[in-house]
Amino acid sequence: MALLILLFLLPSPLHSQHTCSISKVTSLLEVNCENKKLTALPADLPADTGILHLGENQLGTFSTASLVHFTHLTYLYLDRCELTSLQTNGKLIKLENLDLSHNNLKSLPSLGWALPALTTLDVSFNKLGSLSPGVLDGLSQLQELYLQNNDLKSLPPGLLLPTTKLKKLNLANNKLRELPSGLLDGLEDLDTLYLQRNWLRTIPKGFFGTLLLPFVFLHANSWYCDCEILYFRHWLQENANNVYLWKQGVDVKDTTPNVASVRCANLDNAPVYSYPGKGCPTSSGDTDYDDYDDIPDVPATRTEVKFSTNTKVHTTHWSLLAAAPSTSQDSQMISLPPTHKPTKKQSTFIHTQSPGFTTLPETMESNPTFYSLKLNTVLIPSPTTLEPTSTQATPEPNIQPMLTTSTLTTPEHSTTPVPTTTILTTPEHSTIPVPTTAILTTPKPSTIPVPTTATLTTLEPSTTPVPTTATLTTPEPSTTLVPTTATLTTPEHSTTPVPTTATLTTPEHSTTPVPTTATLTTPEPSTTLTNLVSTISPVLTTTLTTPESTPIETILEQFFTTELTLLPTLESTTTIIPEQNSFLNLPEVALVSSDTSESSPFLNSDFCCFLPLGFYVLGLLWLLFASVVLILLLTWTWHVTPHSLDMEQSAALATSTHTTSLEVQRARQVTMPRAWLLFLQGSLPTFRSSLFLWVRPNGRVGPLVAGRRPSALSQGRGQDLLGTVGIRYSGHSL
């Protein structure tokens, strides 16, 4: 009997219960088999399982082939299952989350083929010593990778190249000593990087690239601060608000930045970002970023002109205009140097003294000032008589001129030097330091056959002035400064010295000015004025003043480069023209602007000054006109308004003859004489009032108390005059 009772109490095999709990989470079926002491996958799992928990069991090994028939499986948790190996011989096409944490895995197989849709992979707290280079191949959808708390000592190059959508990378608590330089290449979506608690000593140059990492954890490493850490130091300085100190159980978004947590292990835990880097090279190879603050100063360069006394031809090219045609065979260069500030230099000259000439000091100061201006100016002062027996001042061979604008050809037996002139100084009978770097040379008669592209004009001695295209002032004899780029030719037996660009030689007793635009004058052996003007006027501005006993300073703005050879160079471009026994005084120089500026009155400075004044006067006139109009309008309105008011009052009186307003006092009787209403030609006006009957609380109506009576007109005939009758209670109204 007892045995029958025991058999009845035993559970029937037909009614076996499930070992795992099943629940529905959203649209996925969740099966929880945690801590069931399982050694293999349960056989009674639902086929539509979407979330499977197998943690805290003793599985040992696991193969993805056992889950192939679970086509809806999306989340798989295998944490704390004492796994030592993982086999990926089955394809789980929908699996997105795989948790393999807290196991004994020492290696990982390739996961790309078996898990193509994987987005989160957690292999933390295992015993991984290394990773194969292709372990993540095929995981193009991976967004989170957790590898913390392993034994990783190094990472293969290109490990993360397949995972271009990676957002979180956790490599904390490993034994990493170094990182591959291109580890983060292509990870544009990466926002959180955990590298704390490793054995890192430095970060390779360019490791972070152009990534904007909002959350980075770098503390508790063996950072060694030397010259190799300068890149990492600069990155910390630039991203100080993105470096955090990790705290267990605290979300990264709840922590505060702490860049000082990254410390140097060899400098008493000093912050890496404050490492001074003394003695380290500062070459561009030390940094992998663009430093826009350290802009090196560009050294200013100056254009130098060299020319020689041999028979070769040299050509000068203006930087802003085309050079004149010439037969030059030398190389040509065009240079635009920057504008220089005024400089003061000294040049030493060796001079010889001739009888009757004023002695110049050996040391002369030159203050050339260069500015960026464009001018079309021709300087034409009066001619100056120059004897052919002048004394040459020979400069020493280490001074370079800054300007030259001529092309000069000298045959072998010629003694004509090539001076360049831009500044003219004519002090009177005294020894004055003159700003100069050029020399006036009185050549001997020579024959210089040189082809030229300018117009050749032969002028006989005369006193007839030739028309010019600029304002010409002919004061007392002086020296002419004419820039030119034409080729100079002096005929045979000429007694006229050959000037270049700015020196004009005029024989005695010649008063004939020479045209100053595109004209080359070649005199015969006579006392005729010789002048050279380029066929192409260079853009030049020259300001020339001649105070007594004061050097004349000329401000020039023209940049060009000329290649010449074998002649001592000059620093400035000034010509000193002596006269026998005295210096000629230059009282006046005509400064002629271009024809365009003369013909246009709007370019005149006086006109520009009067233009605002004119607009101001017009504005005042307009204001005055508007005020007068306003005054007239107000005056007209003042006269018109009274008439309008009279008309309105008349209309009101006409209307009032047919309207009467009566005020009746509230009393028992109102006496109204009929004579008051005789002027009304019609029926009597009707009155309408309201009568309120007050009802006492006891229900009685009336009699009416004092102060609550109907109007006087309603007594006796009130039934015809009353409009509406309202009934009110003592307490409230209906």
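Cβ atoms are placed via backbone N, Cα and C, with glycine included.
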Legend entry - Recorded disulfide counterpart of CYS227 (Swiss-Prot; options CYS225, CYS264, CYS280): CYS280
Legend entry - Chain residues in Cβ proximity to the repeat 'LRR 3' (94-115) (below 8 Å; excluding those fewer than six residues from its ends, i.e. six or more beyond): 55, 64, 71-88, 121-132, 134-139, 141, 146, 162
Legend entry - the repeat 'LRR 3' (94-115): DSSP-derived helix, strand, coil residue counts: 0 helix, 3 strand, 19 coil
Inset, instruction - Mind tallying the repeat 'LRR 4' (117-140) by DSSP state, helix then strand then coil? - result: 0 helix, 3 strand, 21 coil
Legend entry - the domain 'LRRCT' (221-282) - residue tally per DSSP class, helix then strand then coil: 24 helix, 7 strand, 31 coil
Inset, instruction - Could you tell me the mean pLDDT over the repeat 'LRR 3' (94-115), as a whole number? - result: 96
